[in-house]
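Notes to accompany the following structure.
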Amino acid sequence: MSPRTSRVNVAVAVAKKDLLVEWNSKILMNQVAPFAAIVMVMFAFALDNDGILQRVAPGLVWLATLFSMLIVVQRSFAVETADGALDALRVAGVDPAAIFAGKSFALMVQLCALETMLVGTAVVLYGVELTLGGLGQMVVTMVAATIGLGCVGTLYGGLAAGVKGRETLLPLLLLPVVAPVLIGATRATEAAFGSGGAEISEGWPWIVLLGIFALVFSTVGSVAFGPLVDE
Amino acid sequence: MAVRLRAVNISTETRLSTGTVATRRLGALAIVMLTVLAVLALIISPEDVNQGSTVRIMYVHVPTIWVAYMAFILTAVCSATYLSGRNRSLGWDRVAGASAEIGVLFVALSLLTGSLWGRITWGTYWVWDARLTSTAFLFITYIGYLAVRRLDGTQRQRARRSSVLALLAVLEIPLVHFSVRLWRSLHQEASVATGGTDVELDDLMLFSLFFGLAAFSVLFVWLLLHRQRMLYLEDAMSSQGLDAAIEARRKEAVR
């Protein structure tokens, strides 16, 4: 087996493992998704106006995504560090770039599920209208944003894994880094939702921004993940 | 300067003071220069045609952000050197950490003086201008960096984590700046802060400004030398503490 295929196999195995853990524990479905939903309801209480909600729905969807992501990332690495699983993988000589790819992919799948639910919530609760073209753009936005979020989340999650006080540290480290995703994804979603009279064509430049972010952090992540977790 | 820092770091004897003859002279120079700057800025330099005396904040505001940028660049360079070096001297990590601490302090000062000036000139402490917003992100990013430095673990772990993080920050900051600019450019007309590029400065004002840059740079070097020696002493103390504890356990075992 060439090193390349073995790396892909490892990444697939790690991703499968993470998704299987999630499938068995149902943390995402039973805890994170309800949390995200209640955040959306709380936004409605705070803003208390149908017109405003419809206008700011894109931003709220992505804010709720980011908050939920913090929990999912914590969880993703709590599983790894609880019984030294991550160290065991590293001692076994597993390529850190493959671990990074696998964990990022599992995180992306979970985030996509969350985002789909949140967009659905926005349609139902905030009265957002989604055309067919808008839906297509929404899917592209979600994919581009999620690749970036998955890579950054895994990278910084790995940094904070297994240290005391990581629950408080992760948001401080992660939120400033994902600011470009919040900006880009919110604007692209505004275009997809047509919030404030935005046209669909206005969304594409923002998707390019999301793409650049995803490209930068997937490349850097596979290089930097090794030194970060190698302890 | 690099040679000098190295010499201190690898010396095995534990120095009990962070000062040397050179740093004392540098400190004295910093005090003199800052005093001269205060006189230049507050008394000698003229008032601005439009802004009156509020322009005097510039002599602190501009040098502080200049020092902060310099500090963060130094942090990145030292982090890269630490990671790429064969012997991985912790000295580079300590200079990176000391520099980031001073950088955070000076960004805070810069944001503070800037918002005070904004309150007087624009009537508001804060505007969602691209440059201001990016600076706020810069501030928070390096607060996160300092938090990572204080995590549990060995000195090597601290050095590796924080070096990688410092290099990630170098990537993150241009991305944030770029996206915030894009965000502002489409959602708000060019703001007041970006309109200041064609301002003509009086010669004396310009001299005061450059003198301020020099004075704060000297202050930065002085603070950096002391702070990194302080960190060296802290590291030495924690290693010695561990050695002493192991020694004590050994004695117990023998008994």
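Yeah, the Cβs are placed from backbone N, Cα and C, and that goes for glycine too.
Remember, TrEMBL labels are computer predictions, not curated facts.
These features come from TrEMBL:
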DOMAIN    B:27-187  domain 'Cytochrome c assembly protein'
TRANSMEM  B:26-44  transmembrane segment
TRANSMEM  B:64-83  transmembrane segment
TRANSMEM  B:95-118  transmembrane segment
TRANSMEM  B:130-148  transmembrane segment
TRANSMEM  B:164-184  transmembrane segment
TRANSMEM  B:204-225  transmembrane segment
In the same chain, residues at least 6 away from the ends of the transmembrane segment (B:130-148) whose Cβ sits under 8 Å of its Cβ atoms read 65, 68, 72, 75, 97, 100-101, 103-104, 107-108, 110-111, 114, 161-162, 165-166, 169, 172-173, 176-177, 180-181, 183-185, 191, 193-194
Per the Cβ under 8 Å criterion, with at least 6 residues separating them from its ends, the transmembrane segment (B:204-225) contacts 1, 5, 18, 23, 26-27, 29-30, 33-34, 36-37, 40-41, 44-46, 48, 55, 58-60, 62-64, 66-67, 70-71, 74, 95, 98-99, 102, 106
The answer for the transmembrane segment (B:26-44), taking Cβ pairs under 8 Å and residues 6+ beyond its ends, is 19, 56, 59-60, 204, 207-208, 211-212, 214-216, 218-219, 221-222, 225
Per the Cβ under 8 Å criterion, with at least 6 residues separating them from its ends, the transmembrane segment (B:64-83) contacts 89-90, 92-93, 95-97, 99-100, 102-104, 106-107, 109-110, 113, 135, 138, 142, 145, 159-160, 162-164, 166-167, 169-170, 213, 216-217, 219-220, 224
Restricted to the domain 'Cytochrome c assembly protein' (B:27-187), the mean pLDDT of the model is 89
